[in-house]
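Notes for the one structure printed next.
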């Protein structure tokens with residue numbers, strides 16, 4: 001699959017163009033320069049041709065602590081790409097930053113196809129002349145408005161004209177999981193270690209990742225997609241519109257995932273923010289693995305330290321009592337294999353199907369062994385249980401009247417199912433239904 005990278009100075013509309021090509025909002029768009037910091041990847045399609053598209057941060061000369069990292073990310077993207085879109089703005093005109101980028105592309109991308117694109121042509125006045133553009137040495141250029149879609153057909157035709165026809169990536173084969181956590185717990189370091197390259201900006205200052213970013217990779221011949229997300233801050237600290245949108249992006253990333261890696265910083269006490277993020281995982285009701293990062297930073301560890309930390313996690317994250325816990329050091333690439341071993345364990349449990357006869361045998365016996373307490377004028381009685389298709393183990397329990405169910409008895413039945421069929425590392429859902437109501441399809 002061919003790869004196309006979009007490069008340019010800040011605020012020329014790179015993310016708007018990225019979103020326009022994909023026909024959906026993937027990158028954060030804002031008038032504030034420097035909003036895109038990492039390389040963002042997604043698969044585009046035009047005229048039955050598939051291609052990988054990369055959005056990059058803006059290149060400028062600046063004292064911004066992130067700028068050197070952003071420029072390095074752009075160079076990574078240029079090296080990966082077959083074709084480069086060099087984007088300038090008709091609204092702002094050509095300046096020294098554009099000229100420096102043109103010079104860099106001549107040096108770093110001399111064997112690649114570079115397409116010069118002038119964005120924001122919906123403006124009434126153009127602050128450049130065509131001779132200035134031709135002086136860059138990239139030949140003809142395209143005039144577009146990414147925001148309004150003007151000129152996009154011609155640009156896309158040019159992008160794909162030499163590409164072979166091929167099918168889209170079979171994303172259904174890939175297991176998709178996201179990495180969440182408060183800022184600066186090491187989410188991007190973990191992503192980089194897994195991918196084997198520095199695709200995400202890693203900086204000691206909290207909040208260096210704003211976009212959620214999809215990365216396809218293989219591990220031991222199994223296909224995965226990993227989504228790194230912006231760190232979730234306390235509500236009082238979300239002051240920028242961009243930060244608010246990044247939190248929403250984290251929630252959307254969770255919705256698109258089959259599993260969550262909840263990353264904690266093991267080198268310091270767990271914080272209220274950690275519990276807030278853990279609450280997002282609980283609300284999602286999908287498999288979750290708690291990843292204790294920076295384990296090598298803990299001094300004076302002994303044979304009991306790991307168990308003590310596990311006990312603390314179980315105390316603070318009672319609502320994730322079923323979630324497995326692993327200990328890693330992302331920066332040092334230590335114990336990363338335990339994440340994938342645990343992912344496969346959790347996947348197997350999430351997909352496990354129980355024979356209806358065995359399920360009923362266990363639940364009916366449990367119901368008879370421990371008499372349910374009277375509640376709201378009656379006592380719950382289970383007559384039949386069936387497992388239904390879902391992303392996590394889900395069971396419908398036919399009973400005399402669901403209003404008679406006390407929460408403590410529901411927990412007892414859930415625990416009996418977990419013990420009997422080995423569902424100790426995944427969430428499970430029980431639906432209590434009047435036995436006179438039929439399930440869909442019955």
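Here the Cβ of each residue, glycine as well, is placed from N, Cα and C on the backbone.
Using a 10 Å radius centred on the Cβ of residue 11 (GTP 1 binding site) and all shown protein chains, the other Cβ atoms total 19. Annotated GTP 1 binding site per Swiss-Prot: 8-15, 55-59, 119-122, in sequence order.
Look at Swiss-Prot and you will find 181-188, 228-232, 293-296 tagged as GTP 2 binding site. In the three-state DSSP scheme, residue 181 (GTP 2 binding site) is classed as coil.
According to Swiss-Prot, the feature domain 'EngA-type G 1' maps to 2-167.
Summarised as a single figure, the pLDDT of the domain 'EngA-type G 2' (175-351) averages 83. The annotation domain 'EngA-type G 2' is assigned in Swiss-Prot to 175-351.
Taken from Swiss-Prot, the feature domain 'KH-like' applies to 352-436. Look at the domain 'KH-like' (352-436): DSSP puts its residues at 32 helix, 21 strand, 32 coil.
Note: the CA-CA distance between residue 11 (GTP 1 binding site) and residue 184 (GTP 2 binding site) rounds to 26 Å. Under the DSSP three-state reduction, residue 56 (GTP 1 binding site) is assigned to coil, being neither helix nor strand. You'll find the Cα of residue 56 (GTP 1 binding site) roughly 19 Å from the Cα of residue 187 (GTP 2 binding site). Between residue 295 (GTP 2 binding site) and residue 8 (GTP 1 binding site), the C-alpha separation comes to 39 Å. Rounded to a whole number, the C-alpha distance linking residue 14 (GTP 1 binding site) with residue 184 (GTP 2 binding site) is 27 angstrom. Its own atom aside, the Cβ of residue 8 (GTP 1 binding site) has 24 Cβ atoms within 10 angstroms in the protein chains shown. In the shown protein chains, 17 other C-beta atoms lie within 10 A of the C-beta of residue 121 (GTP 1 binding site).
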